[in-house]
Amino acid sequence: AKEGYLVNIYTGCKYSCWLLGENEYCIAECKEIGAGYGYCHGFGCWCEQFPENKPSYPYPEKSCGRK
């Protein structure tokens, strides 16, 4: 399994979070895609034990508003 930032496949942006470290929102969102654990790191949700078949940030098809 990999680890990485949770990505919104429609925008290419990370899932934003403000409460760093232990973060219920990130834990829930990471578990939703089948990851083992999540926390807020650098204002984005970081997932551990990320399923290999799920996309993570950066998402090649979408640039999150950057050119």
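Each Cβ is built from the backbone N, Cα and C atoms, and glycine gets one as well.
Database features, via Swiss-Prot:
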DISULFID  CYS13-CYS64  disulfide bond
DISULFID  CYS17-CYS40  disulfide bond
DISULFID  CYS26-CYS45  disulfide bond
DISULFID  CYS30-CYS47  disulfide bond
DOMAIN    2-65  domain 'LCN-type CS-alpha/beta'
MOD_RES   CYS64  cysteine amide
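The Cβ of CYS45 (disulfide bond) lies under 8 Å from the Cβ of TYR5, LEU6, LYS14, TYR15, SER16, CYS17, ASN23, TYR25, CYS26, GLU29, CYS30, GLY38, TYR39, each of which sits 6+ residues away along the same chain. Comparing CYS40 (disulfide bond) with CYS64 (disulfide bond), their Cα atoms are 19 Å apart once rounded. Residue counts for the domain 'LCN-type CS-alpha/beta' (2-65) under DSSP, split into helix (H, G, I), strand (E, B) and coil, are 9 helix, 22 strand, 33 coil.
Each of the disulfide-bonded residues CYS17, CYS26 was assessed for Cβ neighbours inside 10 Å, and the highest tally belongs to CYS26. The disulfide-bonded residues considered are CYS30, CYS47, CYS64; of these, CYS64 has the fewest other C-beta atoms within 10 angstroms of its C-beta. Calculated from their C-alpha atoms, the gap between CYS13 (disulfide bond) and CYS47 (disulfide bond) amounts to 15 Å. Computed over the domain 'LCN-type CS-alpha/beta' (2-65), the whole-number mean pLDDT of the model equals 97.
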